[in-house]
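Asks: Checked Swiss-Prot, it gives:
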{"type": "TRANSMEM", "residues": "27-47", "note": "transmembrane segment"}
{"type": "DOMAIN", "residues": "98-278", "note": "domain 'ABC transmembrane type-1'"}
{"type": "TRANSMEM", "residues": "102-122", "note": "transmembrane segment"}
{"type": "TRANSMEM", "residues": "129-149", "note": "transmembrane segment"}
{"type": "TRANSMEM", "residues": "157-177", "note": "transmembrane segment"}
{"type": "TRANSMEM", "residues": "219-239", "note": "transmembrane segment"}
{"type": "TRANSMEM", "residues": "262-282", "note": "transmembrane segment"}
């Protein structure tokens with residue numbers, strides 16, 4: 001063991017090998033392609049939507065979906081109480097809900113990852129102090145933290161994103177912090193430190209590759225939470241405001257039409273659930289592929 005190089009304690013493999021394993025999981029691969037399609041939709045929503053998201057068609061209010069007797073193919077998912085095409089609003093909503101969640105997760109992954117690494121390398125009293133701070137945050141639900149932060153700011157989508165970011169960060173940092181602390185307690189780390197290896201070399205060669213699975217799982221979890229929280233904040237009027245076609249805001253604006261025109265509420269809800277399920281299936285498949293190679 002003493003003759004081993006630091007890289008020999010690395011448990012992860014190349015990205016190409018992981019991809020080959022991942023491709024064998026048909027369902028996970030399909031979910032990956034669908035997620036890419038959703039991201040593509042978010043980027044080019046204004047070109048893909050049949051109509052402008054706030055265009056009102058007079059006399060076409062509460063038109064049911066096209067597969068219902070009264071429905072029209074021109075309004076594939078029907079219209080709302082103002083005569084706006086729901087399909088167009090759902091497509092544009094991809095930019096607001098999915099796009100916002102991706103921006104939040106990207107920020108969490110970078111900021112949370114960096115702070116988690118710094119916290120994980122702390123020792124002694126500093127490490128215990130940081131641990132107690134995290135324990136205090138972990139006693140509160142993420143959505144509750146986001147709601148409290150949002151109430152201190154003016155209701156808007158950007159403020160909802162900021163509140164969601166601040167709410168997720170402590171949990172993300174704590175997970176990375178614990179993963180690194182656990183890795184530092186392993187025998188190979190103690191041995192490498194006795195040989196005089198620097199923390200930077202130790203992180204790069206072994207610790208960070210060995211917590212890749214945990215990192216991916218937390219990023220996927222953060223994405224799911226971001227989608228839910230941004231939609232929830234808009235639903236309770238703390239996020240996106242009218243007439244922004246954010247999915248949570250669409251549900252709020254049409255909630256009173258649930259029995260009269262259920263498609264105006266159910267379709268945005270299905271969009272949220274569909275996005276979350278795709279993310280979970282993809283992350284589980286990727287995690288499984290990494291674990292298979294580590295074995």
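Keep in mind that glycine also has a Cβ here, set from the backbone N, Cα and C atoms.
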Asks: For the transmembrane segment (27-47), which stretch among 102-122, 129-149, 157-177, 219-239, 262-282 has the most Cβ pairs under 8 A?
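Replies: Per the Cβ count, the answer is 262-282.
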Asks: Under 8 angstroms, Cβ to Cβ: which one of 129-149, 157-177, 219-239, 262-282 has the largest number of such pairs with the transmembrane segment (102-122)?
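Replies: Ranked by Cβ pairs under 8 Å, first place goes to 157-177.
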